[in-house]
C-alpha cells in the first residue's frame, strides 16, 4: 500500500485513507520501539538529509531517531554555520546535497511554501517538518495518533485548539487533519490571534471564552504563544494572556469531566499552560513526544517506496 | 486448479504436526511457538489449540510475529504491516516458527532476523504446512512439514481457512 502523494508537504494534500494508513503503520512501529532492539532494517539503503533552516529540538531529534530506528543513513544540516550565510540559495544548497546521492529530504524553513518549492524542482521525496505559518504535518499526525490511542478513534471527538491560531502551523495542520477524519473542531483564543472567516473557511466553531471551549471539548490542544512571530502587539502582556487564556488547574477541576490536555512544545510555563496542568495525569505531552518517533517512522517508511512493478509472490 | 489437501486431510495434518512438535519437546516450558503474520497465524492458532488440548496442564507460550519491516524487498511493495505480539522473552528458549507455505525461504530469512531482535533463542525450528520443495532461493529447510509438493514458478499455493474463507482446503492454482 502506498500513499497517494510522493511527498509529505502538508495534511491538506493527504486523503483520509493516507492518514489512516500512516496512523495504522505507526501503531506497528510503536510496538517496534518497545522491543529490546528498537530497530528494523527497512530503510538501510536510504540516505536522508535533515535540513533545518529554523531552530528545533523535538522535531529534529524525533526525525533523526526515526531515521536511525529504520536503519537509514542520516545527514544533519543546520543553516547556521553553513554556506547559507555566504548567500547560497535554497535550491543550490539542496541540489549540492542531492548530488551526493541523497534519497529523501526532511526540511524545516521559516518561509511558508519552501518545501512545496523544492518539491517542484528536485527528484527526492520531501517531508515538511514545519514551514513558516503554513503546516507542520507530522505534528498533526502524532497529535491524532495520541488522541486515537487514548479515545479509540477521531470520528465525532471534540477537539479544542487553544491559543495563537494565527501564527500556528500546528493549528492549521491539526484543523485539516481533524476535519478530514470526522472530528469536531473549535478554535479558541483572543480575537486578535484568530484569523477572520475561520469558521466559514474550515467549517469549525470559534470561541473567545476559554471556559466555554473547555466545557465543550474532549481534548484541549493548547498551542505555544510564538513570541518570535509577534511583530505587532496582539495582546497586552503575557500575564494578561495567562489570566484570560492560560489553562489552569482550578478551571479543569471545575469542569465536572476529565478532558485530555495536549501541547506541541516547547511550553511557555505560566503563560498558555500552568505547570500543575502540564505535569498532571491529564496531560499527554510526553506521550505525544514518544508517539512522534513512531509516526515519523511510518511517514518515512511509506514515502521510501521504490518505483518498480511489484513482483508476484 | 488441483486440491492438495481437503478439509479432513488438513485437520489430520495439523494433528500430526502438533504431535510431532510434542514428540520432540517433552518439556513445553522451554518452548515457544510463533506464527508468522499474516497467513501463518491461521495455522499456528490451530496448532497451539491442538497442543493445548493435548497438554491441558501446561501453559503454552504463543506469539505472533510480523516480518514486514525485515523483508529484503520491502521498498518495492510496501506491504501493510500487521500486529506483532510476543508477550514473553525468547531468550534461551526453543522457538518454533510456524508459517503456511515455504517457497523461496525469504520470508523465513526475514523472520529469523526479526526474531533475533527479541533476544537470543537457544534453538529455532521451522514448521510449515506446505513445502514447495526445489524452489528455495536460500538455504532454509523445514523441521516439521505437513506436505511437500512439486510446483513450478507460475503456480500458486492457496490455503483456505474456515475462520476466514468459510472452508478448510489447500489448492494449487
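Numbers here mean position along the shown chain, with the first residue as 1.
Glycine too: its Cβ is placed from the backbone N, Cα and C atoms.
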According to TrEMBL, A:58, A:59, A:136, A:139, A:265, A:266 bind carbamoyl phosphate; identify which of A:35, A:108, A:239, A:306 is listed for that same site. A:108
Which value in Å gives the longest Cα to Cα span across the L-aspartate site residues A:86, A:169, A:224 as recorded? 32
Compile a sequence-ordered list of residues in the same chain as residue A:58 (carbamoyl phosphate binding site), six or more apart from it, whose Cβ lies below 8 A from its Cβ; state 'none' when nothing qualifies. A:265, A:266, A:289, A:292
Using a 10 Å radius around each Cβ and all protein chains in view, which of these binding-site residues has the most neighbours: A:59, A:139? A:139
Among the binding-site residues listed here, A:265, A:266, whose Cβ has the fewest other Cβ atoms inside 10 Å? A:266
If you measure residue A:136 (carbamoyl phosphate binding site) to residue A:169 (L-aspartate binding site) at Cα, how many Å is it? 5
